[in-house]
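**Student:** This is the structure I have questions about; it appears just below.
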Amino acid sequence: MCFAKKCVENVEREREKVPLLVPVVVFAAGCYGGVQGWLKGMTALGCLFLSFALWTKLQKSQWQYPLLLVSLFFLGLLHSKIQWFWLNMQRIKEYKMLKTLKEPLYQGIIDNFPQKKNNTHFFHLKLQAIRMGEKQVPFKEKISCRIVDLHRELYLGQAIELRAKIVLPSRKRNPAEIDYYKLTLSKRLMFELLSEGAFLTPIPQRDRTEGLLIEAVRRKIKENLTVGIPEEKLSSLLCGMIYGDVAGLDQKEAEAFKQAGAYHLFAVSGQNVGILLCMGMFLLQGIGKNRWKYAFLFIPLLLIFSAVSGNGASVVRASIACIYCTVGWALKRKVSGLNGWSVSLFAFLIYDPLSVMDISLELSYAVVLSLLLLSKPLFNLLYYPFRLDPYIPQSLAPVRKRVTDKMGKIGAILFSTSLAAWLGALPCEFFFFHSLCWIGIFNNIIAVPIAEIIVFLGSISAIGGFFSCSIAVFFNTINRFFLWALIVFIDFSAKIPSGIIALPDMKILRHPFDPWIYIAQADSGHLIVVKNQNSYWILDTLESAENEHLLAILQKDLFIPPHCPYLAFQQGQWRLGENLIEANRELNWKDDNNLDIAFKGNKDGQFYCLVNNENKKILILSYSLPSLSHLENLPCDLLIEHLLNRKKNFPRFSSFIKIYYDLSFPGINPWSLEKKSRTFKKGVWVFINKKKIQLETEN
């Protein structure tokens, strides 16, 4: 209670010194609500006018500040909702128009650093025009591209022309999937182009000069960081930590960093930008200039570094905060970390309110806010048992007490900082990644100081290499030892069992004791998971490409154990584990907890599955029921049809799940059956208890 009281008092004191903090947080909450659709547009507009009118009338009353916050909330909500609605309507309209074009050629400029993964190139393209034969139509939009089998190098600022298939990004349909429709719209990426390398043609005369300059600086920095380091693993690690390039990072090492809770070291943020600014200030001091007064001279260096790093949310946040500090120092004004945090977030949301949906932005700002608010109270709490009596002069204290004081202070600084950052990231870990990385609290006490030394030496190499290759070689040679030390420590930490605790889907947490069935929404087949207490049963007819992706994420998110009964249709045959099941043979499976499953599948992969639990019967079909004879002979409480449309050139995500309910009473006829149905294009949960069956979709 005492610690909580101190935290509250600290927040209250900071609020008096930082008037922007609470209004900016409320404005950000409004922006988030607008994207999520908390209120209709006209309702939000009315609430904004009402709260603003009350605020102007009650300026000198105690309600002035709350009404200001309410007005800011609705202003943010309306600001983001209008942009989201406009972009979505524009996306749909332009998509319908582009689908009518015959063999268009898309011309544009590559707008980010292309990434390559498994023979596929990913990049953003800023469209300039669309060419159809001899006709060329201007078209200004930003889109994402996926190009397979491309055997040439792409770079930022390159002008290209390509023939491609245009598609809308996919929506979230199953647990742990990413809603690419919302994600791309929040990044203002309107469509996705799918193509092959043979249909891409460079247009060198239209390359963008500023993009080429940034690309040239990035390549020179990479050259400076790799010279003198013969191990590719170490040089790739150093490039990732200095400017965020993880393309060459070894996959095993990347997984080890994730398991150890230290993957954040590759997020270019305040650590990198702060070290650059400090180096510039020390240079000013060395030449006899006032480092506080003239620190703003290094603002162009910060902007270049942000562009070279890809202008991610964390590096832009840190750059804005550093610019705020340097301008304040130049004007001889006192600056505050929370004010810098507030100014950078407000600038982000005013420029682009939809960026509030960016997980990297949410994670970056949450961690920094937690550091600013909790580090000092946590330090005081942890340092208290070790510190010297304040009424005794330090020179009179015993040597043992002084050593304990120093060691306790260092330990308290490291642990309080690590714990505060972990607490800030905890909500994002829980809601977005469904995991809890407790080991990161302790690993970062050692990993972060080593990383700071690596970034400091690497920054000197990156900048010094522009003047002399010998400078880069010298500092890279020293840096090799710290890079090896970091890798050894991370590899050791990643082997600690249960370092990351997986958390189940929120829908399971809402029904912790109910048996459930999950029918996944897929295109190539069916995936059904049945769970009763500690027993799981899986039915899988997916094709290999979709199976590898969907089954893996569902096993993690639904807590499916690796060795549960697994019935699969592969290469025209049904298999239960390693055992072959004959077509049209009825299979019964029972457990000790009153779960009874009856199954029959044919040689074409079609099946019916009857799940009986808690005296409730759920019939699942992979085909449309032709008549009611099955229901008359086999009464059920719920009928589920997962139908796949296998026609060629059918729209993406054409499969759907149709559910018929209230089937347990007699006298059903074909006319009333259709009225008792609902159709879903997302995965469906069926929660079963003794009183009722509850349905929930994934969204």
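Each residue, glycine too, has its Cβ placed from N, Cα and C.
Where the annotation comes from TrEMBL, it is an automatic prediction and has not been curated.
Reproduced below are the annotations present in TrEMBL:
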type     : residues : note
DOMAIN   : 42-182   : domain 'DUF4131'
DOMAIN   : 241-507  : domain 'ComEC/Rec2-related protein'
TRANSMEM : 18-35    : transmembrane segment
TRANSMEM : 65-87    : transmembrane segment
TRANSMEM : 262-284  : transmembrane segment
TRANSMEM : 291-308  : transmembrane segment
TRANSMEM : 338-357  : transmembrane segment
TRANSMEM : 363-386  : transmembrane segment
TRANSMEM : 407-425  : transmembrane segment
TRANSMEM : 455-475  : transmembrane segment
TRANSMEM : 481-503  : transmembrane segment
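Map the listed features onto the structure and describe their local environment.
**Tutor:** Taking Cβ pairs closer than 8 Å, the transmembrane segment (18-35) reaches residues 44, 68-69, 72-82, 84, 182, 186, 336, 338-339, 341-343, 345-346, 349, 353-354, 356-357 in its own chain, all 6 or more past its ends.
Within the same chain, residues 240-244, 246, 249, 254, 290-292, 294-295, 297-298, 301-302, 305-306, 309-310, 312, 314-315, 317-319, 321-322, 326, 360, 364, 368, 425, 440, 443-444, 447-448, 451-452, 455-456, 459-460, 463, 490, 493 sit at least 6 positions outside the transmembrane segment (262-284) and bring their C-beta atoms closer than 8 Å to a C-beta of that stretch.
Beyond its flanks by at least six residues, the transmembrane segment (291-308) meets 214, 217-218, 221, 243, 272-273, 276-277, 280-282, 284-285, 315-316, 319, 322-323, 325-327, 329-330 of its own chain at Cβ-Cβ distances under 8 Å.
Within its own chain, the transmembrane segment (338-357) has Cβ neighbours under 8 Å at 14, 17-18, 20-21, 23-24, 27-28, 31-32, 34-35, 76, 79-80, 83-84, 87, 182-183, 185-188, 313, 316-317, 320-321, 324-325, 365, 368-369, 372-373, counting only residues six or more beyond its boundaries.
Counting only same-chain residues 6+ beyond the ends of the transmembrane segment (363-386), those with a CB under 8 A from a CB of the stretch are 3, 6-7, 10-11, 14, 267, 269-270, 313-314, 317, 337-338, 341, 345, 404-405, 407-409, 411-413, 415-417, 419-421, 423-425, 427-428.
Packing against the transmembrane segment (407-425) from elsewhere in the chain are residues 264, 363, 366-371, 373-376, 378-379, 381-383, 385-387, 437, 440-442, 444-445, 448-449: each is 6 or more residues past its ends and has a CB under 8 Å from a CB in it.
Here the transmembrane segment (455-475) has long-range neighbours at 220-221, 223-225, 227-228, 238, 241-243, 271-272, 275-276, 279, 482, meaning same-chain residues at least 6 beyond its ends whose C-beta is under 8 angstroms from one of its own.
Tertiary neighbourhood of the transmembrane segment (481-503): same-chain residues 229, 233-234, 237-238, 253, 255-262, 430, 434-439, 443, 446-447, 450-451, 453-454, 457, 556, 559, selected by CB-CB distance under 8 Å and a gap of 6+ residues from either end.
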**Student:** Which residue counts does DSSP yield for the domain 'DUF4131' (42-182) in the helix, strand and coil classes, in that order?
**Tutor:** 55 helix, 44 strand, 42 coil
